[in-house]
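Trainee: In case it's useful when we look at the structure, here is the feature table from TrEMBL:
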TRANSMEM  A:42-61  transmembrane segment
TRANSMEM  A:68-87  transmembrane segment
TRANSMEM  A:137-160  transmembrane segment
TRANSMEM  A:167-185  transmembrane segment
TRANSMEM  A:214-237  transmembrane segment
TRANSMEM  A:257-284  transmembrane segment
TRANSMEM  A:290-309  transmembrane segment
TRANSMEM  A:316-333  transmembrane segment
TRANSMEM  A:353-381  transmembrane segment
Amino acid sequence: MFIRKDPSILVFLAILALFTIGATLMSEAYGSGALPTSMIKVLGKTLCLALAALAMDLVWGYAGILSLGHMAFFALGGYMIGMWLMYARTGEIVSATLSRAAIPPTPAELQDGIASQIFGVVGSSDLPLAWTFAGSLPIQLILIVAVPGLLALVFGWLAFRSRVNGVYLSILTQAMTLALALYLFQNDSGFRGNNGLSGLQNIPGLTDVPQADISIWFLWASAGALALAYVLAAWLVSGKFGSVIRAIRDDESRVRFLGYSVEGYKLTIFTLTAMLCAIAGALYYPQAGIINPAELAPIASIYLAVWVAIGGRGRLYGAVIGAVVVSLLSSWFTGGRAPDLSLGFYTIDWVDWWQVLLGLSFVLVTLFAPRGLSSLIDLAARLRHPSRRGRDLGPDVGALREREAKA
Amino acid sequence: MRAFLLTILLLIAQPLWAQDLGAVLDANRDQIAKPSRQTIGPVITEIAAAGEGADRVLAAWADRRLGLAGDRFVIVEGDSATDAVTGESVTGDVDGLRPNSGVRGLIAAALVQFQLTDPDPVRRRAALTAIARQSDESHLAALREAPAESDPILAARRDRLERLLTIQYDTDTDARLAAIDSFDGDAGTDLQAVLNPLLATTRFAGPELPADANVARALTPDSENLPRAEAYRLLVDAGLAEPRPTDADIKAALTANIAGDAVGGVPVADLGDPDRRDDAYTALAEAGTVPTAATADEVDSALEANAFADLFTEPSSEITDAARASLRGMQTREGIMQALDLSLDALSLASIYFLAAIGLAITFGVMRVINMAHGEFIMMGAYTGYVTQTMIADRTLSLIVALPLAFAITFGAGVLLYQLVIRHLVKRPLETLLATFGVSIALQQLAKNIFGTQARPLTAPAWLEGSITFADGVSISTIRVAIFVLALLFLGLFLFLMNRTRLGLQVRAVTQNPGMAASMGINPDRIAMMTFGLGSGIAGIAGVAIGLFAKVTSELGSDYIVQSFMTVVVGGVGNIWGTLAGAALIGGLQKGIEVLNPSNTLAAQTYMILFIIIFIQFRPRGIMPQRGRMAEA
């Protein structure tokens, strides 16, 4: 069983469970109220970002594909759930208004009302074709993974079959993200242009439930999704599949010569991680409340890579640590809560200087600590004796293959 | 019209038929004193034909300077007055005549023939201008019958005007066709103003088209050109169908007639169904509470039974065809001009991309390193230009100082970046990409902290302002020409450096095979540092150039960086011609797509990126891929 080979999974799950229980006990809805609802939302969103970082780690840290487009899949997932949230919520409001009239509304009137409510802001009152299924939650839930998955499949197939790799692939994925963002920015593409979708924190059918409750439910959902995805990812990388994708990362040509379908493996991991990102996005944006095309900016995907790099790529908990630490630090510094640092001749206001600090520390991590923050964990682990559990992975006695298999 | 032709006849035959001006005036005294627009026409014609002095009288009459002193007509000049016929001065009370504007219009038209034959060319030109501004059919004959024009410029103008009026007013179709044909190749706005009204249409709806109708196009209801509601409205307007209330009308009528919990026998709760609403409305209509209305089926059959078309108001199809062909020719020529203008735009855009991407391409070619901070070097160059301008007031001088200064500063920054970061990450291109990205966000925020978030102006010297115009609608601003020249300059400089200098030789050697180059005594590390510095320096100069026409902000670089990446990817690395081809393709494509959809530049960029993604499928290594053993590594 792969969990026995890698006890860090259990440690991670335990920490995640403790965190979730702790947050619940301190929440306003089910506990002492030490953490305000806005903080619960931040924590829930951070878990979603960690899930996206996990996916990024799979595709970059393990398969060596530096995709600068995974935040696009994340945002697409958000758009897909956002369409249903907005449509259903507007539907509730519109039917409430219309039912006050003497005559009950026809379905066509209802739909026109919803469309003009949603799209009035971009000067349209027709429901675009893309919103055909927006009224149906099950279909829209399927679309959350189907649309980004299909996009990743087509894009990946085109890119991998023509052997675009390395820096070229990174730039191509960045171009894809930019194209998608520019497309969504247009008013006539049917996604409300740069207004984006808003009011997503109001869950249809749960209007009477306070946000404090909803936010903690989303925290649980995010934690659950992260735990499931972590186990899935750990299972994937522990088996033969994991070995092959790591081999592709290290020497693609050699894997191809050995007879493996490199393109197939890359396409699988690319599409799978795109879907994971989409799920993360679908959980993230109802907590954020608003999504607009700026979320798809290429810079967002680069930040995802930054988190993974700072956390330590090539190990699953590294991605999670990176996403949690950097995004929480980032919101702490840019939120104006960090105390100014007085140098005597100049006072450093962290709102202004945080980006500089982040950029420089990123350079330093890349230069001096390629394994990122997780090298701290390595440091702690190396203080103890390596645990062999009586197994010998290598051909000879004393070969350190076990440690390599983990990396 | 006939009366006017008669006048012309009279004018020609003047010696024979000459009438005394005085007699004419006397005979029509009452009419002249109290003119009416309907009846005064023949009188004016008669006066105009009266020979000597008639033009003076008409001019005075039109200017409200004609008056009656007793029973004599006099012309008032300031304080004095002269007899209209004899010209002797008259004293005593003058009763001024005040013809209304309609009458004065008629007089002015009659006067044109005198002005056209006036010995003073200035007045003749004024007459032509007046006709060109506002013409009617009487002018056509006047133009045709006026004696030959001696001034060649005025003669050409008069000829053109005559042909324009022929198109508008001549009754003979062949003459009009000949006039339209005579303008072949012309694109004047006056011609367009004449031709466009010929193509005016009216919308027709009826059981069948009139037999002699000049059909512009037949329409089918419920198409893009004729929405269903619009088609039905035409039928209603023509009295061919009963009006159909809109859904909102029906709803309002139903709401107004709720009786208990039912309308027309239909329970209110059922009215969410459109069919039930129709039932209720029909029931109300039968009871006489609301006006009867066409049902949906009746609307369908009415639309089916009638024909719809746009008809030309001009009855002759030959004329409309000729006018349409002529206008189409004009549009084609205009399109060619626009295409020319566009290719100039594309050229300047391509040179900007070339300047921005060339440094990126060199460093990528030599070191397989994509420098994400390249855009920030462009920004640094632009800010250098701005700072120089704040110190040196003279714009030309500051530009001359700023260009080498920007090169020096970004060269230094590039060398520093290489020494501190990039040389430690050799053979790890993806990590270099990320590390330079870290540098990029730090530099961008640093610029924000130093210069603020608002845009800083970098003003071009006066001789770079304005634009060069080649032809009507084909122009390019001087700054863009300068950038084009700068790009050419750098192309030449680069070719010289690469092909004629020792450094260039070494760079090429390292690009092709670093190991072999090192064994030949070249220090690849030093060469890489030099090329990195050079690429960054060119980015700085590109920054100054871009700053001249764009606002200098901390995001200046990131606006161009993705296009620069595209240029490198499309063009291929290690070859400056590849970069040039890539820049030309990207710039041309962006402008080309923009013209297909000018209102939406966002869409243009989207499609361009999609095109590039597809292009990479066919040329994964760019237009000009690097060859040799290292290319596959």
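Keep in mind that glycine also has a Cβ here, set from the backbone N, Cα and C atoms.
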Trainee: Test the contact criterion for the transmembrane segment (A:257-284) and the transmembrane segment (A:353-381): 3 or more CB pairs under 8 Å, pairs 6 or more apart in sequence, then answer yes or no.
Mentor: no
Trainee: Quick one: do the transmembrane segment (A:316-333) and the transmembrane segment (A:214-237) have at least 3 Cβ pairs under 8 Å, skipping pairs fewer than 6 apart in sequence?
Mentor: yes
Trainee: Rank A:42-61, A:167-185, A:214-237 by Cβ pairs under 8 Å to the transmembrane segment (A:68-87) and hand me the top one.
Mentor: A:167-185
Trainee: Find the member of A:167-185, A:214-237, A:290-309, A:353-381 that has more C-beta pairs under 8 Å to the transmembrane segment (A:42-61) than any other listed stretch.
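Mentor: It is A:214-237, which has the most Cβ pairs under 8 Å.
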Trainee: I need to check the long-range neighbours of the transmembrane segment (A:214-237): which residues 6 or more away from its ends have a CB within less than 8 Å of a CB in the stretch?
Mentor: 2-3, 6, 9, 12-13, 16-17, 19-20, 23-24, 27, 29-30, 37, 40-41, 43-45, 47-48, 50-51, 54-55, 57-58, 62, 201, 203, 206, 245-246, 276, 279-280, 283-284, 286-287, 316, 320
Trainee: Residue list, the transmembrane segment (A:137-160) vs rest of chain: Cβ under 8 Å, 6 or more residues beyond ends.
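Mentor: Here the qualifying positions are 69, 72-73, 76-77, 80-81, 83-84, 88, 169, 172-173, 176, 262-263, 266-267, 270-271, 273-275, 277-279, 282.
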Trainee: Let me spell it out: take the transmembrane segment (A:167-185), skip the flanking residues so only those 6+ beyond its ends count, and list any with a Cβ under 8 Å from a Cβ in it.
Mentor: 65-69, 71-72, 76, 79, 155, 159, 191, 193-194, 293-294, 296-298, 301
Trainee: May I ask for the residues of the chain that lie six or more residues beyond the transmembrane segment (A:353-381) and have a Cβ under 8 Å from a Cβ within it?
Mentor: 306, 309-315, 317-318, 321-322, 325-326, 330, 333-334, 338
